[in-house]
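Worksheet: the structure to be examined is printed underneath.
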Amino acid sequence: MPSGVLATRAPAKVNLTLHVLGRRPDGYHELESLVVFAGAADRLELEPGDGLSLRIEGPTAAAAGPADDNLVLRAARHLAERVAFLRMGTFRLTKNLPAAAGIGGGSSDAAAALRLLASLNGLPADDPRLFDAARRTGADVPVCLDPRARMMRGVGERIGPPLDLPPLFAVMVNPRVSVPTPEVFRRLGRVPGDLGPPDHPAVPGRISAGDLVSLLVAGGRNDLEPPAIAAEPVIGTALSRLRALDGCRLARMSGSGATVFGLFDDCRAASRAARALRVAEPSWWVKATVFR
Ligand SMILES: C[C@](O)(CO)[C@H](O)COP(=O)(O)OP(=O)(O)OC[C@H]1O[C@@H](n2ccc(N)nc2=O)[C@H](O)[C@@H]1O
Ligand SMILES: Nc1ncnc2c1ncn2[C@@H]1O[C@H](COP(=O)(O)OP(=O)(O)OP(=O)(O)O)[C@@H](O)[C@H]1O
């Protein structure tokens, strides 16, 4: 068993598509989503020891709220309820990603905590108790457990096999507004029980970046974009700004927003676009990155 400090990255989750099929009788929404992970990430360390505690630092630490309520601790407690004599310790979270931003920052941190606890306690990555604890922590946590491109269905509990997608060169933009996920779903106005049929295009196991972008443009969408823009019109402005940049092939919102992303042909085009946007909107969070 490891005894030194353990560390892992908690990458941003990006919904390249987000189809809402309808609302289940329990109020949650049934989804189909192609999920990828960005180079942009938080970092989580675990120093094994007595008890369970968390220190948060980094540029977006304040937005993550009080430590006691943090999804890292909530995930650890859910796992401790399922695994007897779970070894824990002190977590140190370096928060770089914007919070309540549609990029699953908290969910990815929670999944990272479960990975570190699994490794400290010698639990196999496919231990069902890890998945159960992830589900209990939040809808986006299961897909973040093994952060690789996949289809996610149901309310996030039906995870497809990893997809071998080409790297996508992207610019992520957060116009510094936060939109609570429940409010965006509420504004969608779906009635419980009205479930439409699945309509997401099949994503081939191997596909070129050009074909993938064409598939996303022709057959994909984010159904939460209109209600999120209604709540925070600046999201619409951020999308228009991205679309107007040289070489932007697709601009779309991730999750329930407010983060939006643009896809570009190569790393240079993405870096150039990010620089231009930072000059035009110095107060926005702008990050050139790669999605995998
Ligand atoms: C929109 C996505 O980000 C897409 O990846 C996720 O579905 C949201 O995942 P999350 O933030 O982990 O969501 P949770 O914290 O579990 O749920 C927050 C709230 O969002 C709403 N919610 C969430 C997921 C879902 N499939 N249907 C919902 O209606 C519910 O009102 C819920 O109370
Ligand atoms: N580790 C964490 N990082 C960020 N926010 C956290 C964390 N733990 C708890 N929170 C709380 O959770 C709320 C949602 O944060 P998070 O960044 O996970 O949202 P999100 O990016 O919209 O997630 P999703 O894409 O899964 O809907 C925040 O308002 C914050 O108060």
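Glycine too: its Cβ is placed from the backbone N, Cα and C atoms.
Note that the coordinates shown come from a computational prediction; the quantities given were computed from them, not determined experimentally.
Taken from TrEMBL, the feature active site applies to Lys13, Asp140. Among the features that TrEMBL reports, domain 'GHMP kinase N-terminal' is placed at 70-145. The ATP binding site annotation in TrEMBL covers Pro98, Ala99, Ala100, Ala101, Gly102, Ile103, Gly104, Gly105, Gly106, Ser107, Ser108. Annotated domain 'GHMP kinase C-terminal' per TrEMBL: 216-278, in sequence order.
Shown on the structure are the features that TrEMBL records.
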{"residue": "Lys13", "record": "active site", "Cβ contacts under 8 Å, 6 or more apart": "Val35, Val36, Phe37, Ala38, Ile103, Gly104, Ser107, Ser108, Asp140, Val143, Cys144, Pro147, Ser254, Gly255"}
{"residue": "Pro98", "record": "ATP binding site", "Cβ contacts under 8 Å, 6 or more apart": "Thr60, Ala63, Gly105, Asn174, Arg176, Ser178, Thr259, Trp285"}
{"residue": "Ala100", "record": "ATP binding site", "Cβ contacts under 8 Å, 6 or more apart": "Ala63, Ser178, Val179, Pro180, Thr181"}
{"residue": "Gly102", "record": "ATP binding site", "Cβ contacts under 8 Å, 6 or more apart": "Asn15, Val179, Thr181, Ala228, Met253, Ser254, Gly255, Ser256, Gly257, Ala258, Thr259"}
{"residue": "Gly106", "record": "ATP binding site", "Cβ contacts under 8 Å, 6 or more apart": "Ala64, Asn70, Leu71, Ala99, Gly138"}
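The predicted model assigns the domain 'GHMP kinase C-terminal' (216-278) a mean pLDDT of 98. Residues Asp140, taken from the recorded positions Pro98, Ala100, Gly106, Ser108, Asp140, are distinguished by a CB atom under 6 angstroms from ligand 1. Secondary structure of the domain 'GHMP kinase C-terminal' (216-278), assigned with DSSP and counted as helix (H, G, I), strand (E, B) and coil, comes to 33 helix, 10 strand, 20 coil. Annotation: Gly104 carries the greatest number of neighbouring Cβ atoms among the recorded positions Gly104, Ser108, Asp140 [cut-off 10 Å, Cβ to Cβ]. Counting residues of the domain 'GHMP kinase N-terminal' (70-145) by DSSP class, helix then strand then coil, yields 43 helix, 7 strand, 26 coil. Same-chain residues with CB within 8 A of the center of the Pro98, Ala99, Ala100, Ala101, Gly102, Ile103, Gly104, Gly105, Gly106, Ser107, Ser108 CB atoms, the ATP site residues themselves not counted, are Ala12, Lys13, Leu97, Gly255, Thr259. Under DSSP, Lys13 (active site) is assigned to a strand (E or B) in the three-state scheme.
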